Amino acid sequence: MSASAVHSLWTMAADPIEKIDAPKIEYGQLSPTLIVIGAAILGILIEAFVPRRSRYYAQVFLSAVALAAAFAAVVGLAAGGYATTKAGIAAMGAIAVDGPALFLQGTILLAGLLGVFTFAERRLDPVAHGNRVDSFAAQAASVPGSDSEKAAVKAGFTTTEVFPLLLFAIGGMLIFPAANDLLTLFIALEVLSLPLYLLCALARRKRLVSQEAAVKYFLLGAFASAFTLFGIALLYGYAGSVSYATIAQVVDGTVQNVTPALADTMGNDALLLVGTAMLVMGLLFKVGAVPFHMWTPDVYQGAPTPVTGFMAAATKVAAFGALLRVLYVVLPGLRWDWRPVMWAVAIVTMLAGAIVAITQTDIKRLLAYSSIAHAGFILAGVIAASPEGVSSVLFYLGAYSFVTIGAFAVVTLVRDAGGEATHLSKWAGLGRRSPLVAAVFAVFLLAFAGIPLTSGFAGKFAVFKAAAEGGAGAIVVIGVISSAIAAFFYIRVIVLMFFSEPRPEGPTVAVPSPLTTTAIAVGVAVTVVLGVAPQYFLDLASQAGVFVR
Amino acid sequence: MENLIALLVAAPLLGAAVLLCGGRRLDAVGHWIGTVLAAVSFVIGAVLFADMLGKDAEAREIGQHLFSWIPVEGFQADIAFQLDQLSMTFVLLITGVGTLIHLYSIGYMEHDERRRRFFGYLNLFLAAMLLLVLADNYLLLYVGWEGVGLASYLLIGFWQHKPSAATAAKKAFLVNRVGDMGLSIAIMLMFTTFGTFAFGPVLESAGETSEGKLTAIALMLLLAACGKSAQVPLQSWLGDAMEGPTPVSALIHAATMVTAGVYLIVRSADIFNLAPDAQLVTTVVGAVTLLFGAIVGCAKDDIKKALAGSTMSQIGYMVLAAGLGPIGYVFAIMHLVTHGFFKAGLFLGAGSVMHGMNDEVDMRKYGGLRKYMPVTFVTFGLGYLAIIGFPGLSGFFSKDKIIEAAFAKGGTEGWILGGVALLGAAITAYYMTRVMLMTFFGEERWRSRPTASPDQPDVEPAAEHQGAHAEPHPHESPRSMTIPMIVLAFGSVFAGAFFGIGDRFVHWLEPVTGHKHGHPPVSALTITLSTVAVLVLGAGLAYLHYGRRPVPAVAPRGSLLTRAARRDLLQDDFNHVVLVRGGEHLTRSLVYVDHTLVDGVVNGTAASVGGLSGRLRKLQNGYARSYAVSMFGGAAVLIAATLLMRAV
């Protein structure tokens with residue numbers, strides 16, 4: 001953009017003659033997001049005004065109620081036809097209210113609710129100075145190992161700010177897949193990312209690792225955001241608008257009225273292609289696709305495990321939702337350009353995730369690489385570029401998020417003196433000591449591996465079927481090969497749990513409160529139900545598979 | 001009348017169920033239940049037979065459809081029966097001889113504590129065999145086929161405490177399996193060719209199929225027949241099957257089951273008629289087997305094994321006749337029936353001898369028994385005369401017709417087949433005379449037996465145990481055993497004449513199998529005279545060898561051929577070297593390939609993936625700057641690739 005063009009943009013916007021209409025906001029259609037964000041703000045007020053003793057309860061209650069209410073709102077909207085017939089664009093073209101958005105928002109809210117349960121767990125760590133403690137640092141600002149930290153622990157401080165942070169992140173995630181212009185998309189990206197960076201730094205144990213993870217995540221996330229923002233700017237230069245619909249029309253060549261100020265750049269395909277690549281790169285960073293995945297293992301390992309579980313599930317759902325919308329709504333006219341590139345990304349992601357996971361020795365890192373491989377599988381569905389592709393990805397995301405939260409919740413249970421025992425060698429023989437926990441974890445692993453009668457199989461089948469029908473047979477072959485490689489390390493953990501001798505000073509399995517138990521039980525139930533009787537949910541995803549334009 | 005057909009099968013099946021499930025409380029009456037039910041089946045057969053005789057020759061076939069077994073679109077299998085003259089012949093033979101042998105077994109198995117079970121198996125056999133011959137489609141026939149195989153297996157190994165019996169049962173089972181594969185493949189071929197396996201449609205539409213397919217089906221059926229009827233190359237099990245109780249040998253391994261192969265070929269006549277190549281192979285199999293069995297029969301000192309060789313040889317005659325086509329089918333079945341009488345009689349006679357001789361089976365330890373066992377001697381003698389084809393007796397009529405038909409085949413083939421059949425008749429006369437002389441004539445070798453057993457490696461352990469110390473006291477068998485022998489002797493004497501004179505049997509079977517009168521190149525009288533001549537020759541030679549000279553109690557070393565024949569013409573050695581060793585080598589090679597190549601590839605892949613994993617893992621070095629570089633590089637590649645896609 002030349003300087004004069006910028007100037008003319010400013011002068012046009014400031015034209016005193018044009019009237020500015022008051023924005024028309026459809027509060028009802030936006031209610032899920034508004035409830036969550038409102039609850040987050042309320043949570044900050046609680047931090048400020050409610051006595052320390054009651055904060056935890058007030059925050060947990062508020063978060064759970066807000067998420068449940070938001071979910072109810074989503075269900076209400078869907079039942080009211082906003083997922084299908086009444087689907088439309090709200091908030092002056094900023095937010096889409098349609099099937100994919102509502103489906104993904106519902107999934108994110110349920111994942112968030114389970115996330116609240118695991119955040120609120122206070123029975124796993126031993127009681128410190130007469131206070132029950134959760135997974136989060138007593139006082140985030142205190143230097144690890146310092147006197148102030150000890151004092152904070154002694155004083156029984158807890159970081160109840162995690163709940164508003166969680167709600168803010170969820171708020172961002174709700175907007176992310178529904179964003180219908182690039183600026184809203186970017187704002188949602190930041191709203192969901194910043195609280196997550198903070199949450200990653202808040203581990204009670206292994207605080208240095210946790211803080212390192214947060215810094216890495218923040219640095220790389222900011223780096224990726226810069227790319228995204230630059231891509232958005234280029235796309236604006238190309239189309240003269242940040243609105244999805246307008247950009248799509250410009251790509252298709254149906255809009256001809258050139259904004260005079262952008263006459264130099266509009267319709268320049270170089271801007272379009274480079275801008276697209278950069279925008280997509282930012283989204284691929286969030287979903288953890290190779291080669292933008294490097295943060296994943298370090299952050300997953302360092303972050304407090306409840307945060308990891310929530311982040312792995314909900315971020316992926318939100319980011320894939322946004323990616324789907326960008327590719328299907330903004331860039332369908334460009335699919336002959338982006339599909340081959342996404343092919344390559346999907347293949348590399350599947351293979352790299354599965355292969356590197358083989359040599360992992362830490363269960364959280366293992367699950368991190370597993371999530372990378374799964375990102376590859378989901379990308380295969382994205383590439384299908386068909387309604388079946390959308391619905392299969394929706395189903396996969398729903399199935400995957402419950403498995404992930406459940407699996408990480410189980411990881412929080414297996415503990416030794418240093419907190420969670422995440423080294424794989426310590427899991428040897430777990431099946432003999434705690435058959436139930438090991439069996440539950442085995443169910444999650446089988447679902448990750450895509451074994452029939454688990455949701456993983458139904459999801460993988462749907463995604464691969466859509467990809468094959470979309471003409472991506474090669475991806476399916478590589479996907480199946482990757483699944484075979486991945487099955488090796490999932491099943492190796494099962495073998496380790498059930499067929500190895502327990503170590504003498506191995507970890508113990510903590511007895512959780514009903515909160516974590518609920519999270520795990522819901523995870524198992526959804527995994528099995530979606531595996532045994534997936535048809536209803538496949539139909540649901542299929543009905544929700546149409547984007548509003 | 002049709003509804004009686006199922007009862008034929010049901011009666012012995014009920015017997016088998018009751019006896020095998022009934023438990024010990026039926027021990028006292030079990031044998032009578034089995035015998036009565038066999039007799040019931042025979043009576044039903046007789047009633048049906050009488051009914052059939054009352055009808056016109058062309059309208060005698062009746063059928064009964066019980067129920068639909070596999071009612072699938074495109075694959076219909078029924079439990080349905082077909083009773084025509086061919087089936088009727090078998091029904092009478094099976095139930096008639098079967099009932100007699102049940103009766104005989106009451107005495108023979110008197111001291112066996114598992115007698116009830118034995119009768120249960122015998123009834124099971126009857127039911128399966130009747131199912132085999134009454135089925136109206138190949139699939140149901142296959143059920144019966146496997147059923148008789150099972151019964152045969154159970155009965156050969158009835159004395160399972162003897163390792164030799166258990167081994168023999170297993171051997172029979174395995175060898176039969178090869179033949180059964182042939183039958184199942186034939187049925188599958190039929191299904192793919194004709195879309196059905198019911199006799200009617202298959203045989204009627206046989207003409208519409210290519211000869212190649214028919215030849216394939218016929219050869220597979222022949223393979224099945226070879227297995228069940230102990231024909232070369234699947235003959236090796238029959239000799240060992242003599243480990244079973246003698247009534248079993250008489251019923252299953254002489255009179256009925258082993259002739260199922262002949263039934264199969266004759267039943268499938270329409271297929272064979274259109275596959276001349278398969279017919280030629282059939283005749284060759286029959287000719288080879290009839291010599292093979294006869295030669296083996298000459299060398300065996302075990303009376304039952306000598307008779308087993310004879311059975312093999314006589315079935316060879318039947319297969320040969322069946323391979324000749326319409327000129328031979330009727331005679332194959334006729335010989336089958338007469339053979340059923342005299343061979344069953346001979347086996348029962350052998351059983352009677354063993355019964356009186358402490359279960360001794362070595363003929364070299366017999367001799368001069370005619371004085372002690374007059375009934376056995378006479379009935380066995382009549383059976384002997386019948387089998388060698390003494391003019392006027394059963395074997396004469398049936399065998400002579402087969403030899404005639406073989407010559408009538410025409411051309412060089414006819415001369416060769418006829419010559420072989422004639423040679424076989426001579427050898428038959430030789431080995432049967434040998435059996436006769438060694439058993440009933442000559443000095444009483446059982447009296448002055450050499451003391452020690454180490455000189456007698458051939459002696460059976462059981463006989464050793466019972467007979468080594470106590471000198472046997474030969475005696476006639478009880479009435480329940482002699483009566484069946486007498487009845488069968490009547491059949492041996494008169495059946496042939498009854499069937500043969502006036503071509504009665506030909507007219508009886510012709511509507512089913514079809515018949516063409518063969519025209520041998522020389523007159524029938526010449527052939528008959530030659531048959532008698534070679535018979536005299538063979539019997540005379542045997543008399544010179546075994547009648548004039550004392551029979552050594554220990555078998556002499558003998559010529560190379562004799563020694564080979566004693567080892568069943570090396571059939572087991574052949575099987576062992578070629579099949580067992582070959583199979584072992586094959587499996588060993590496959591295991592080697594599996595270990596090195598397949599496992600190598602698998603393990604190599606796994607190892608290389610693991611190695612790759614280890615190397616890729618190093619990229620994850622923990623430095624945020626490296627990660628950022630990776631992202632930057634990735635973004636660059638992404639942009640470049642997107643642009644490149646547009647460029648190309």
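Backbone N, Cα and C define each Cβ position, glycine as well.
The transmembrane segment annotation in TrEMBL covers B:29-50 (among others).
Residues or ranges marked as domain 'NADH-Ubiquinone oxidoreductase (complex I) chain 5 N-terminal' in TrEMBL: B:69-119.
Same-chain neighbours of the transmembrane segment (B:87-106): 8, 31-32, 34-35, 38-39, 41-42, 44-46, 48-49, 52, 60, 115, 118-119, 122, 125-126, 129-130, 133-134, 245, 247, 250-251, 255-256, 263, 333, 336-337, 340-341, 344, 348, 351, 480-481, 483-485, 487-488, 508-509, counting only residues six or more beyond its ends whose CB sits under 8 Å from a CB of the stretch. For B:87-106 (among others), the entry in TrEMBL reads transmembrane segment.
Long-range Cβ contacts of the transmembrane segment (B:118-135) within its own chain (Cβ-Cβ under 8 Å, at least 6 residues beyond either end) map to 5, 8-10, 12-13, 15-16, 18-20, 30-31, 33-35, 37-38, 41, 80-83, 86-87, 90-91, 94-95, 98, 101-102, 105, 109, 112, 141, 143-148, 150-152, 154-155, 158, 245, 247-248, 251-252, 256-257, 260, 263. Per TrEMBL, transmembrane segment is recorded for B:118-135 (among others).
What TrEMBL records for B:135-419 is domain 'NADH:quinone oxidoreductase/Mrp antiporter transmembrane'.
According to TrEMBL, the feature transmembrane segment maps to B:181-202 (among others). For the transmembrane segment (B:181-202), the residues of the chain that approach it from at least six positions outside its boundaries are 74-78, 80, 82, 136-139, 142, 145, 209, 213, 216-217, 219-224, 226-227, 264, 267, 271, judged by C-beta separation under 8 angstroms.
The feature transmembrane segment is assigned by TrEMBL to B:214-234 (among others).
Feature annotation from TrEMBL assigns transmembrane segment to B:246-266 (among others).
Feature annotation from TrEMBL assigns transmembrane segment to B:278-299 (among others). Within the chain, the transmembrane segment (B:278-299) has long-range Cβ neighbours (under 8 A, six or more residues past its boundaries) at 214-215, 218-219, 222, 226, 230-232, 235, 239, 265, 272, 305-325, 406, 409, 413, 416-417, 420-421, 423-424, 427-428, 430-432, 434, 558, 561-563, 565-566, 568-569.
Tertiary neighbourhood of the transmembrane segment (B:372-394): same-chain residues 310, 314, 338-339, 341-343, 345-346, 348-350, 352-353, 356, 400, 425, 428-429, 432-433, 435-436, 439-440, 474-477, 482, 485-486, 488-489, 491-497, 531-532, 535, 538-539, selected by CB-CB distance under 8 Å and a gap of 6+ residues from either end. Among the features that TrEMBL reports, transmembrane segment is placed at B:372-394 (among others).
The transmembrane segment feature in TrEMBL is assigned to B:414-432 (among others).
The annotation region 'Disordered' is assigned in TrEMBL to B:448-478.
Annotation source TrEMBL lists compositional bias 'Basic and acidic residues' at B:462-478.
The transmembrane segment annotation in TrEMBL covers B:483-502 (among others). Long-range neighbours of the transmembrane segment (B:483-502) within the same chain, counting only residues 6 or more positions beyond its ends whose Cβ lies under 8 Å from a Cβ of the stretch, are 97, 100-101, 103-104, 334, 337-338, 341-342, 344-345, 348-349, 352, 375-376, 378-380, 382-383, 385-386, 392-398, 401.
Taken from TrEMBL, the feature transmembrane segment covers B:522-544 (among others). Same-chain residues lying 6 or more positions outside the transmembrane segment (B:522-544) and placing a CB less than 8 Å from one of its CB atoms are 388-391, 396, 399-400, 403-404, 407, 418, 422-423, 425-434, 437.
Among the features that TrEMBL reports, transmembrane segment is placed at B:627-645 (among others).
Only sequence-distant pairs (6 or more apart) were considered; of these, fewer than three Cβ pairs between the transmembrane segment (B:246-266) and the transmembrane segment (B:627-645) are under 8 A, so the stretches are not in contact. If one looks beyond the transmembrane segment (B:627-645) by at least 6 residues along the same chain, the residues whose Cβ comes under 8 Å of a Cβ in the stretch are 619. Helix first, then strand, then coil: DSSP counts for the domain 'NADH-Ubiquinone oxidoreductase (complex I) chain 5 N-terminal' (B:69-119) stand at 29 helix, 13 strand, 9 coil. Taking the domain 'NADH-Ubiquinone oxidoreductase (complex I) chain 5 N-terminal' (B:69-119) as a whole, pLDDT averages 89 in the prediction.
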